[in-house]
Amino acid sequence: MVANGHFASNGEGQDSGSYEHGVQVIDEDKEFNPNVSRYLTYENVTPAGFNYHLISVFGSQSTGKSTLLNHLFGTHFSVMSETERRQTTKGIWLSKNKRVESSKDRDPQMKMADNILVMDVEGTDGRERGEDQDFERKSALFALATSEVLIVNIWEHQVGLYQGANMGLLKTVFEVNLELFLKDNKSTPRSLLFFVIRDFVGTTPLQNLQNTLLQDLNRIWSSLSKPAGLENSTINDYFDFAFAGLPHKNFQPEKFVDEVQKLSTRFRNAHRDPNNVDSRGTGSIEGGIFLPEYHRRIPADGFAVYAEGVWDQIVNNKDLDLPTQQELLAQFRCDEISREALVAFDEAISPFESKQAEAVQAGSPQVLGGLGPVMRNARMNAVKNFDAEASRYHKRVYQMKKSELEEKIDTRLKALFLGQLNAAHRSGVQDFSESVSAAVKAGQKRGASYDFAEIVSRERQLAIEKFEKEARSTLVEDAPWSNYQQELSLYQKDLERISGQLRRDEMRRLATRVERWVRSRLGESVDLEFNALGSGRGGSGAPEFGDKPSENTIWDRVWTIFVDTVLDAERRFTERASSFDASLDEVDVGLWRLRRKSWGVLRAKIEEEVMEGNLLLKLRENFEDKFRYDDAGVPRIWRPTDDIESVYTQARESTLTLIPLLARFRLAETNAPPPLDKWIGHTPSSATPADEEDLTPIGGVDEDEGKSLEEEMTMIGEAKKQDLIVRFKKTADGVYVEAKRSAIGGITQVPLYFYGLLLALGWNEIMAVLRNPAYFFLLFVCAIGAYVTYQLNLWGPIIKMTEAASHQALEEGKRRLRDFLEASDTGRQAMAMSGARNATEEHEMSNLNRKSGERGGQKYRGEDVADDDDVDDDF
């Protein structure tokens, strides 16, 4: 026996050199070699898919099977030594076709098929195993389950014999074939039995030998016990047959080599010729011997796993179910391929998953740039790689595993997709809100009117386009979850919600501006009306044109001013609200709130006017105007002969009538409160609790308030009214006393003896004046001037003019003195020292005055001034 050290037997070290000539698939102890897949990888057969062919050789021990394979396929199987007659091939060995063909000696169409794998099966009828035929049966079953072509190696002189022609082995092959067919009832697997007749001398024609073998095979087939339904089946239903003869290797070596060369050309792909139909009704085989129907349809990368599973079933004496084995292989390989595909998928997707998870955990989801292309490429590559490897396996299993892979991939991609849309949703809503607010502020800064509805519509369209662009860029075509319509609908609803909120906020800001405008206008107008109460005369207190307004109709005028102002505000509010695309319900609620707020403004203003201090001041002014001035508005100069008591009583009683008049808001025309409840109207049905929470309850309007309209219109209570009457009377009494004192003051001011003393002491001067015509005339003129001045009541203006002239003269003197002092050095130094001292004192006094002013005026600067400055120019 020639032993070759470049075969990898079961259990040997697995270096690359050990696979040079082949691998032992099953050893003599019936153990399967787990390194078969490594050998196929070493020979680069694994990537071939279905583009490979498997041949097994059968025959009696020591009949030259290995020698035939070595010459035919260039393999290096161990062969028997010429000097010994014993078993050389133990178990089953596998090697790839190593035959080197010369292009100049071979037609390219006659080239051997690619990736031919040859299995050298242990010979039968050997003395080493004796009567133990278990391995023969198991190896035959294994070869038939895996191989396309079964080469039967026999000698010419054995044709016609039973044992010598391996008819016993062939009977075993036929039996296990039927066994396999029973399990695979969906198809009829076919194989090729290739009889190679050795030491063929040609005396008996090859056709006769072929006929003899076919007769023996048919006889064996007929003798088999067939399962139900297959009683009439023939051997040709499962097998095709081919025959070849080879000369004696030792006696005709050159011819043997030539015939082997010719025989090798038959090991190529074949097809059936439909124009040349055989006895079975199928086309004859043309070309080579490898028909597609012989192939077991096991991809090369799964052959090792499949073969191991088949052998495990065989060696454990279990029923061999090839379809089940193919499905198990498909499941195993598809799972492996799926895991490999997911590795590359993980490398591409995991970074984005981590970024998205971190952003969500931080509470600020962010849109991941470049996610869409990565998702599409990762999914496409994973499915493509899976299809390339797994599509060659069992179709049902392949489809099932592909669906599982796509489900795993799509589950993760869908999570990324939804996370991306969620981030785009949040950022889009935020950007939309900020953009609308920025556009509104820009319009307010420009001072021009802006269309809020147009701003919202434009920004909303931009936000939707941005969201759809991001969603489309993240879509994965053909994925079942690649539909963002639901998310888009939710996004649009959120934009609508935000738009509504922004519109309501803008409506509230508009209402606030209108309220400020109403407050400003009402404040001015009501101030004028109440200030008119401070003038009881028809002169300075009366309007510039027309008569003095009647005090009894003050509430009518206030109500008219109020209604006109609010109607104007409503018109402005409605015009501005139309640019917000506000609904009728929102406008109704806004107008209803405006009327209620405006009434609150008016009532607050009235309460301010009728405060005790303000009202007493106006009552005093009203009384003084009526008491100190006549009906023409001319000041009264009280004389002792005037009826001061009558004028005082009339003025006081007239002023006292204002207190009950101002105590209640009543219209003079109806002597009833104004129809405030009808004017404000009922609460709109669309009003929400939020619309009412900041409103002040109004008596007679709000039923839950428990206060009537009459009570709402009461501005001064009874106790306060009595107090005002008492205090006013005291004030009026003081004015009366002052007037009375001034009337009698001219008489009692100069004593009578003073005139006698003046006459006695000034007699000489009096006589000198009377005797001198010039002095007398001057005295006469002065007396006439004094009388006229007195009658015209011009002494006051003359005194004031005199004081002003003297003050101006004093200032002019100071200025001239200052100029004089500045002309000398001594004067300048004195002025500098005096100026520094005065500046220090003025600074201290200024600080005191400022602090006092800040405490007293802070409230008005924070309220009245701010309100006036904030009033929108549009209103």
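Heads up, the Cβ atoms here are built off N, Cα and C, so glycines get one too.
Of the listed segments 7-31, 257-281, 482-506, 532-556, Swiss-Prot assigns coiled coil to 482-506. Across the range of the compositional bias 'Acidic residues' (690-704), the DSSP-based residue counts are 5 helix, 0 strand, 10 coil. Looking at the topological domain 'Cytoplasmic' (795-875) alone, the prediction's average pLDDT is 60.
Reduced to three states, the DSSP call for S66 (GTP binding site) is helix. Beyond the ends of the transmembrane segment (750-770), by six or more residues, the same chain brings 776, 779 to within a C-beta distance below 8 angstroms of the stretch. Here the coiled coil (482-506) has long-range neighbours at 417-418, 421, 425, 428-429, 432-433, 436-437, 440, 452, 456, 460, 463-464, 467-468, 471, 475-476, 580-582, 586, meaning same-chain residues at least 6 beyond its ends whose C-beta is under 8 angstroms from one of its own. Secondary structure from DSSP puts S60 (GTP binding site) in a beta strand.
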